[in-house]
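For reference, the structure is listed below as structure tokens.
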Amino acid sequence: MRFTDIFIHRPVLSTVVSLLILLIGARSAMEMEIRQYPELESTTVTVSTAYPGASSDLIKGFITVPLQQAIAEASGIDYLTSTSSQGVSTIQAKMELNYDANDALAEIQAKVASQRNVLPAEAQDPVITSTTGDSTALMYISFYSTELQVPQITDYLTRVVQPKLQALSGVGKARILGRSFALRVWLNPERLAAVDMTPTEVAAKLRANNYQAAVGKTRGKYTEISLTSDTDIADPEAFRNLVVKESDGSLIRLKDIANVELGSETYDELALYKGQPAAFVAIEMAPGANPLTVADLVKAQLPEIEQQLPSGLNVRLAYDASDFIQDSINEVIKTLLEAMIIVLVVVFLCLGSVRASVVPSVAVPLSLIGGAFVMLMFGFSLNLLTLLSMVLAIGLVVDDAIIMVENVHRHIEQGESRFDAAINGAREMAVPIIAMTTTLVAVYAPIGFMGGLVGSLFTEFAFTLAGTVVISGIVALTLSPMLSGKVLKPHGNPGRFEQVVEKTFNGLSNIYKRALISLMQTKSVVIFFAVVVLGSIYFMVNMSQNELAPTEDQGILFYQGLGPETATMDYLYDHGQEIQDRIATVPGYNEDFMIIGITSPNAVFGGFKMKPWSERDITQFEAQPQVDAELKNVTGLQTAVFPRPSLPGSGGGLPFQFVITTGASYEQLDQVADELLGKAMQSGNFMFLKKSINFDKPITRIQVDRDRVADLGLSMQDVGQSLASMLSGGYINRFNMEGRSYKVMPQVDEQFRPSKESLKDYYIRAGNGELVPLSSVVSFTEDVEPSNRTQFNQLNSLTLEGVVQPGVAMGTAMDYMEKTAEEVFPQGFSNDYTGQTRQLANQGSALMVTFFLSLLVIYLVLAAQFESWRDPFIILVSVPMSVAGAMAFIVLGFATMNIYTQVGLITLIGVVSKNGILIVEFANLLQKDRGLSKFDAVVEAAAIRLRPIIMTSLALIFAMVPLLIAIGPGAESRFAIGLTISAGLGIGTLFTIFVLPAFYLLLARDHHGSAQDEYADEEPAASQ
């Protein structure tokens, strides 16, 4: 008794096996979490060190270089970037994908700590933060008011809202974007001179009189009492009344020489919501957190937060990425159901019988639900990619049921009883089904073992699809033959529609058989044509446009505006208001937000949020050029509009980021970058492109007369500290107010420093105790310098960043830049990438290598199954033909070469080879059992297998229809993979039924006589 016979003889056992698959699968589906993409860790560790007042050159030499040299020794770093700008050093270590975030943070903290004694004493302690996941937060919550100032809003958020949000499970950080309170001491140089004081002396008085003392406690024999002292100042009014000097019996208070107020820590940053000053809370996820769960928890907390807000303070969820995630998942689930219904209708139309359709109608959902158990067993989640794999699986798992029920039906038509037809049909199809199942598993296995971003994303896709196919194979060998024997009509009782279908397929089979016989007479022409098509693939791959993933309509566009290097907050604010007024007129507009001075001192960054997909008639792609046109009308800013990255882990910034590195000077770097930038903009590939640093930032160099300083009994340190005390705005200590500490920041009032000439009115104290005007020891020269100094992997660097033209793929722009760089770069210059372009560059040909690896693996698996080196080659001969068919549509511009189309090409290997298996295996069997010649065997096998081949191909092609006509969230990626599979399979099927027989005739072995000896002792099926 064969394996399949057991389940036909014991229908209860077959039913129990299927019910167990159903129960375990359903339970597994309920246990799995739902998320956008498979979990992956993309960690960036940022080290920020403030040195108020220091130039970018000083920052680079004394802070950035020693720190990044130490950090570079840490493990797991993909690349290292640094920016040295006025007053601050920022170093970012981008970790390798899925490198443990905690290990990275701990090691870098240790490296930074080892360098603290090397840094200038005046520099603040480095602040080390770790961000895992997207650089764009999951949610941005805006708080705005017409009554409260932004520092007041920020203070309330810090005290009340931030702790509540940060306590929620899955929230890694609730980061506040807004101006924080600080005690600002605005010094008046004229009054200081009048009372014979200097800013340095005022700072010393503030330090000495605002002192946080830890006194201790008293201890008696039986009691102890804690002691506190009021050596610190806890009130702005107390600061105003602080005595800074006694002169001729008069007390000079701080308010006499300065304007003391509770102001903002910085006046160079501002957040706006719909043009109104606001503070934002950015919700960043903890490593491994589920975005949908986190978003639901935050939304559930918002009503309570809103209820407790002070009068006049409003809250609004300005941006929520989970909307797109949830809508995308809903769309894929909808597509899944549509594909299942379409496939079952196609099966019914091809079989012509409701009874026959029962088998695939049961087998398909059972296989999909059973696949959920495989997902849970491997720790997978329900996400866009695993759900997409389920959509593809519908067209694959239905094949097993179709070929089983069709074969049993054929035996019934030959006059066998339903029981014997089930026994014999199952025996015939057991080997092909096992071969096809193993083939598909072999196709997807290499994807699961890929590294990098693609491997991390598509491992769950590949193993889910493979697992579902395995479950389908089990169902096809256990439940499907038993059901076929029970539900199919006995011979001689076809319905009218079934007769029409039978007549149609019989006629089609006869036409095909005659055409095939004629074509086989000229098999050399057929083979030559196949070789030509195969050769065309190379040219089509080179002609196709390459990108990492299709851009999705996520309902939001980001924009950036860059002002002159001398731009002030007022300049940026005025232009920002114009931007917000203009973009509000674009169709589809819902709301907007903007942050000024945070991404760069002279830049604005904002978001154009569109209405929900169901409430607008315009897509994100149609809105982008309109938003861009409005921004181009804002004079005084360089602007760019770009979408949110489609895939996780790409980092922030503009989509295209081309890094130029060298050991040469920044001046040489700038010259080379200018030449490359000019050629790039002339190429027509770029909508917007700019340099990350410019060499037109005007500076005033203060030249100190060292001899004069020495004559006055001063040191350079005295001069430097005096200048820093007057101008840098650095904080000297903190004060406690209502349980929280705030910075104390003395600085000359803005009205007394409008230009460099006003510096001459400042005074310093000479060695003899007299005040000396600063003009007596300094002079001024004008110069320009880089806006900042950047490095990439410890080499001087400059990044050309921008947005490619609509219709130009990212890969095309990258290829152009690399070729042009080879022409432009002198000795010692090289290039690299960051952001989305780095993802594409790192992926390179990884998926195409996997394609050939899958082809090799499937060849070896088939060789083992068929015990032949020739048969697998014959089976796979139509795979390149199907690839050529798919590539033709890509070259014609219907899609780009991206990770979705490439996975579709890999899928074609298994799908098309299944058709080849049906013909080759049956042709071999006809040679063995009936002694037919190779010609007669392959013609007969192809004619008999034509119906299941057409049925399975149509089922999968029509299963792709919901992907091809998809609209809404995530439609672009679904279209890409749907087009590849449907086009490739349609053309590949034609090649399979016409070209494969010619190769079989040319290459297949002669199997005559082998069957009689091998099966001589076999008894008729009915007697077993």
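Any Cβ shown, glycine's included, is placed from N, Cα and C.
Keep in mind that TrEMBL annotations are predicted by a computer and have not been checked by a curator.
What TrEMBL records for this protein:
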type	residues	note
TRANSMEM	332-351	transmembrane segment
TRANSMEM	358-378	transmembrane segment
TRANSMEM	429-449	transmembrane segment
TRANSMEM	461-479	transmembrane segment
TRANSMEM	524-541	transmembrane segment
TRANSMEM	846-866	transmembrane segment
TRANSMEM	873-897	transmembrane segment
TRANSMEM	946-969	transmembrane segment
TRANSMEM	975-1003	transmembrane segment
Distal contacts, the transmembrane segment (461-479) - CB-CB under 8 A, six or more residues away: 3-4, 7, 14-15, 17-18, 21, 25, 362-363, 366-368, 370-371, 373-375, 378, 380, 385-386, 388-390, 392-393, 396-397, 400-401, 404, 426, 429-430, 433-434, 436-437, 440-441, 444-445, 447-448, 903
So, does the transmembrane segment (358-378) come close enough to the transmembrane segment (846-866) to give 3+ Cβ pairs below 8 Å, pairs being at least 6 apart in sequence? no
Non-local residues, at least 6 beyond the ends, that sit with Cβ under 8 Å of the transmembrane segment (524-541): 877, 880-881, 883-884, 887-888, 890-891, 897, 991, 994-995, 998-999, 1002
Taking the transmembrane segment (873-897) as reference, which of 358-378, 429-449, 975-1003 has the most Cβ pairs under 8 angstroms? 975-1003
Contacting positions for the transmembrane segment (429-449) when only residues 6+ beyond its ends and CB under 8 Å are counted: 2-4, 396, 399-400, 403-404, 407, 455, 458-459, 461-463, 465-466, 469-470, 472-473, 476-477, 850, 853-854, 857-858, 861-862, 865-866, 903, 906-907, 909-911, 913-914, 917-918, 921-922
